[in-house]
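Peer 1: Please see the structure below; I have some questions.
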Amino acid sequence: MSDSPIKYRLIKKEKHTGARLGEIITPHGTFPTPMFMPVGTQATVKTQSPEELKEMGSGIILSNTYHLWLRPGDELIARAGGLHKFMNWDQPILTDSGGFQVYSLADSRNITEEGVTFKNHLNGSKMFLSPEKAISIQNNLGSDIMMSFDECPQFYQPYDYVKKSIERTSRWAERGLKAHRRPHDQGLFGIVQGAGFEDLRRQSAHDLVSMDFSGYSIGGLAVGETHEEMNAVLDFTTQLLPENKPRYLMGVGAPDSLIDGVIRGVDMFDCVLPTRIARNGTCMTSQGRLVVKNAQFAEDFTPLDPECDCYTCNNYTRAYLRHLLKADETFGIRLTSYHNLYFLLNLMKQVRQAIMDDNLLEFREYFVEKYGYNKSGRNF
């Protein structure tokens with residue numbers, strides 16, 4: 001895939017770590033890396049408008065193939081002119097393959113060489129997703145970056161199961177490449193699996209790199225393993241991937257995990273965490289996690305985070321946010337979601353600057369101490 005529509009340009013390597021400052025060029029524009037990608041599951045980042053996402057510095061967003069296939073349907077989106085036009089977003093979009101959603105429906109799925117049979121979570125009907133179908137759906141959606149269909153084995157699965165799984169994922173990746181109808185305007189990433197087994201990660205990476213994908217995702221992490229186990233897997237996995245292609249760590253959004261991923265050479269991250277916790281009034285701030293719904297903030301007329309210059313923090317107080325959330329007002333969720341997304345996007349901006357200044361390890365130490373990870377154990 002040497003004429004890939006997705007290009008990675010390395011700007012600088014950090015002197016003391018594996019961190020890389022760069023940019024990714026796509027048919028819908030260029031974004032700087034390392035980058036956090038807000039998740040727009042149903043072709044919308046919950047409660048946020050496209051204009052707000054641009055305003056907060058989101059260079060790319062993610063949408064879910066599985067959910068859009070079921071509703072409203074990929075063919076309908078194709079008739080609308082593709083996902084960008086359908087949702088009025090003119091910047092890059094990444095779509096997942098649907099594999100993780102199917103994996104999370106563990107009770108109702110059956111995996112064979114052909115693909116996966118499972119129950120539609122909306123109406124209980126029987127569905128079948130194959131590597132070819134996953135690619136076809138994404139071709140209809142028209143995302144800039146697509147994912148190969150993979151199986152995401154649990155981190156603590158037995159070795160023999162994981163070995164069979166990664167070998168099947170490699171065969172599925174090859175089938176997906178052959179089925180790809182739009183290689184000139186949609187890049188396709190391969191997904192490295194292997195749970196916590198170094199030799200299986202090596203085998204998976206070797207298989208996929210030989211297929212020359214536009215970029216490589218690291219899957220099967222943030223699924224219940226410890227923070228230390230994830231870092232250990234990243235330590236050896238990123239080194240197996242080409243220097244001239246993007247590296248994407250799937251499903252990771254806790255602030256320390258983002259920094260630790262960057263230190264180990266990852267360029268892209270996504271997670272529903274910032275919007276999911278915002279709906280419960282949990283906010284990430286420069287001083288750590290804050291649950292603004294708590295009674296102690298009822299008469300707190302200070303900004304959510306005095307060090308943050310986002311729209312929420314510039315205009316509203318903790319007391320007002322608490323009132324909105326307690327009254328079940330959607331505006332409260334909009335404001336906390338905006339802040340959390342801005343916080344992670346701004347964190348990545350600070351990380352990019354730290355790479356430029358060759359002081360990423362010092363920045364990590366400063367951030368972790370201030371955020372309170374050292375005081376209360378690890379907590380997003």
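Glycine too: its Cβ is placed from the backbone N, Cα and C atoms.
The structure displayed is predicted, hence computed values, not measured ones.
OK, Swiss-Prot features for this one:
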type	residues	note
ACT_SITE	Asp96	active site, proton acceptor
BINDING	Asp96, Ser97, Gly98, Gly99, Phe100, Asp150, Gln193, Gly220	substrate binding site
REGION	251-257	region 'RNA binding'
ACT_SITE	Asp270	active site, nucleophile
REGION	275-279	region 'RNA binding'
BINDING	Cys308, Cys310, Cys313, His339	Zn(2+) binding site
Peer 1: Taking Cα atoms as reference points, rank the recorded positions Asp270, Cys308, Cys310, Cys313, His339 by distance from Gly98 (substrate binding site) and give the first.
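Peer 2: Closest recorded candidate to Gly98 (substrate binding site) by Cα: Asp270.
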Peer 1: Would you mind giving the whole-number mean pLDDT across the region 'RNA binding' (275-279)?
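Peer 2: On average, pLDDT over the region 'RNA binding' (275-279) sits at 98.
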Peer 1: Over all pairs within Asp96, Ser97, Gly98, Gly99, Phe100, Asp150, Gln193, Gly220, the annotated substrate binders, what is the largest Cα to Cα distance, rounded to whole Å?
Peer 2: 15
Peer 1: Setting Asp96, Ser97, Gly98, Gly99, Phe100, Asp150, Gln193, Gly220 aside, what same-chain residues sit with their Cβ within 8 Å of the center of the Cβ atoms that define the substrate site, listed in sequence order?
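Peer 2: The answer, listed by sequence position, is Val102, Tyr103, Met147, Ser148, Phe149, Glu151, Cys152, Ile191, Gly219, Met250.
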Peer 1: May I have the DSSP-based helix, strand and coil counts for the residues of the region 'RNA binding' (275-279)?
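Peer 2: Grouping H, G, I as helix and E, B as strand yields 4 helix, 0 strand, 1 coil.
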Peer 1: So of Asp96, Asp150, Asp270, which of the recorded positions has the fewest other Cβ atoms within 10 Å around its own Cβ?
Peer 2: Asp270
Peer 1: How many Å separate the Cα atoms of Asp270 (active site, nucleophile) and Cys310 (Zn(2+) binding site)?
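Peer 2: Between the Cα atoms of Asp270 (active site, nucleophile) and Cys310 (Zn(2+) binding site), the distance comes to 20 Å.
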Peer 1: Taking Cα atoms as reference points, which of the binding-site residues Cys308, Cys310, Cys313, His339 is nearest to Ser97 (substrate binding site)?
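Peer 2: Minimum Cα distance from Ser97 (substrate binding site) across Cys308, Cys310, Cys313, His339 lands on His339.
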